[in-house]
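Enquirer: Following this message is one structure expressed as structure tokens.
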Amino acid sequence: MAFANLRKVLISDSLDPCCRKILQDGGLQVVEKQNLSKEELIAELQDCEGLIVRSATKVTADVINAAEKLQVVGRAGTGVDNVDLEAATRKGILVMNTPNGNSLSAAELTCGMIMCLARQIPQATASMKDGKWERKKFMGTELNGKTLGILGLGRIGREVATRMQSFGMKTIGYDPIISPEVSASFGVQQLPLEEIWPLCDFITVHTPLLPSTTGLLNDNTFAQCKKGVRVVNCARGGIVDEGALLRALQSGQCAGAALDVFTEEPPRDRALVDHENVISCPHLGASTKEAQSRCGEEIAVQFVDMVKGKSLTGVVNAQALTSAFSPHTKPWIGLAEALGTLMRAWAGSPKGTIQVITQGTSLKNAGNCLSPAVIVGLLKEASKQADVNLVNAKLLVKEAGLNVTTSHSPAAPGEQGFGECLLAVALAGAPYQAVGLVQGTTPVLQGLNGAVFRPEVPLRRDLPLLLFRTQTSDPAMPPTMMGLLAEAGVRLLSYQTSLVSDGETWHVMGIPSLLPSLEAWKQHVTEAFQFHF
């Protein structure tokens with residue numbers, strides 16, 4: 001699934017020259033313009049399908065909605081706070097980041113902050129520059145034997161843990177996603193948050209800024225902490241409540257804080273920055289030559305690999321699209337879209353609940369990536385959106401009055417005469433169920449409402465299909481249908497029938513293009529519909 005029409009990319013922030021070179025070597029046109037106003041950014045994007053930014057460019061809803069050609073936004077770094085994800089997703093624009101690019105640099109800065117807090121190195125340096133010699137004022141504390149609480153145990157959190165363990169620190173932590181067994185493998189004991197607060201001598205945060213993490217350290221949690229706790233935030237401004245932190249510093253509950261990020265950057269309120277026990281930097285977490293080179297290289301490689309259909313990594317807002325690049329999953333994504341398109345043509349404008357059912361071991365976890373593809377098939381002809389795709393499908397489906405559920409059946413190979421893996425799409429409470437599978441790399445239709453096709457019907461993007469159901473006992477039906485095709489001037493490209501089910505047979509005809517009307521057909525058959533996905 002290559003983004004074949006992605007041809008031109010705007011780089012709107014300063015990036016390593018390797019980024020431009022990799023993009024150009026991959027066949028993409030590149031424009032580099034920095035310090036653009038919103039209006040200038042919108043103007044530049046009118047001719048670009050791709051945009052690569054760092055943190056300076058703000059990709060707002062206004063920018064996204066005005067950029068008619070934009071398909072992909074790449075963030076050369078981890079956080080995507082400067083990209084309106086909801087607006088991008090709604091418009092079907094893919095958002096990517098480079099989650100590994102600045103991890104080491106951010107981890108090293110965090111470790112440096114911890115050491116500076118322990119020994120007050122920046123304050124002592126400032127004192128020396130003032131011509132003073134204040135040995136007693138800057139009494140520090142050893143890290144050996146102290147407890148470090150790490151909130152967020154992803155790439156950066158675990159790098160911090162392994163480094164600070166070398167200083168003899170005990171590392172405990174919390175992460176709602178990483179299992180205790182995994183964190184134990186890199187030396188971090190996971191505990192509930194309420195047990196972490198009173199144990200820590202130092203606390204460092206490494207979570208994204210979410211509603212659940214905003215103000216994670218606040219007046220209440222500071223009150224539960226050990227008196228004299230030291231806090232580090234090199235993640236995102238807002239995770240630590242800045243007002244609560246200032247109050248904790250003023251009361252002595254917090255002995256020191258090291259901040260690389262702020263709720264507002266640069267901060268207009270200088271109370272924290274100016275506090276004598278606060279060490280601060282102007283958001284330098286990724287500001288190393290190595291990180292900048294790595295992030296620029298990684299985002300460029302991700303763009304080129306995506307365009308060439310090789311792989312898709314670093315996706316922030318479309319798990320299904322990532323799966324669509326897997327050699328195993330790609331044909332199943334195509335099958336899911338085909339069955340969704342079939343279901344819409346068959347059931348009209350379905351309302352209620354669409355059931356997406358997978359069967360077979362290799363599809364055990366595929367429902368969440370196949371259901372968006374089913375939605376694309378259901379909505380692409382009916383949505384008022386210019387483009388329904390795997391990025392925005394789940395966001396748009398509820399607006400269409402549909403609920404989509406997924407379920408899985410671990411059926412044994414050969415059960416019911418089917419292959420090991422199947423995908424079924426059904427309309428709950430209505431007589432509409434289509435079943436398909438993948439043969440080699442070809443999606444095929446296996447059955448409709450229990451009527452099985454032998455052999456299965458290939459589902460190809462270049463072959464419109466006409467489907468109709470008839471009474472099996474009518475010998476005049478085939479010549480009648482051929483006559484209707486002849487009257488319409490349409491050639492028959494393929495023809496298959498199902499096994500008899502409840503005295504009726506399904507017929508599938510491959511035709512060069514969809515017929516203008518099926519009224520003449522419906523006079524001779526039980527039901528008829530056509531589709532092309």
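Backbone N, Cα and C atoms are what each Cβ position is placed from, and that goes for glycine too.
These came from Swiss-Prot, pasted as-is:
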| type | residues | note |
| --- | --- | --- |
| ACT_SITE | ARG236 | active site |
| ACT_SITE | GLU265 | active site |
| ACT_SITE | HIS283 | active site, proton donor |
| CROSSLNK | LYS21 | SUMO2 cross-link |
| CROSSLNK | LYS21 | SUMO1 cross-link |
| MOD_RES | LYS21 | N6-acetyllysine |
| MOD_RES | LYS58 | N6-acetyllysine |
Enquirer: Long-range same-chain neighbours of the residue listed as 'active site, proton donor', Cβ under 8 Å, sequence gap at least 6?
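Expert: Result: SER55, ASP260, VAL261, PHE262, GLU265.
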Enquirer: If you draw a 10 Å sphere around the Cβ of LYS21 (SUMO2 cross-link), how many other Cβ atoms fall inside it, taking every protein chain shown into account?
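Expert: Summing over all protein chains shown, LYS21 (SUMO2 cross-link) has 14 other Cβ atoms within 10 Å.
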Enquirer: Rounded to an integer, what is the Cα-Cα distance in Å between ARG236 (active site) and LYS21 (SUMO2 cross-link)?
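Expert: Taking the Cα atoms only, ARG236 (active site) lies 31 Å from LYS21 (SUMO2 cross-link).
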Enquirer: Fill in the CA-CA distance, LYS58 (N6-acetyllysine) to the residue listed as 'SUMO2 cross-link', as an integer in Å.
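Expert: One finds 24 Å between the Cα atoms of these residues.
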Enquirer: Go through LYS58, ARG236, the listed recorded positions, and name the one with the sparsest Cβ surroundings, counting other Cβ atoms within 10 Å.
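Expert: Among the recorded positions LYS58, ARG236, the lowest count of other Cβ atoms within 10 Å belongs to LYS58.
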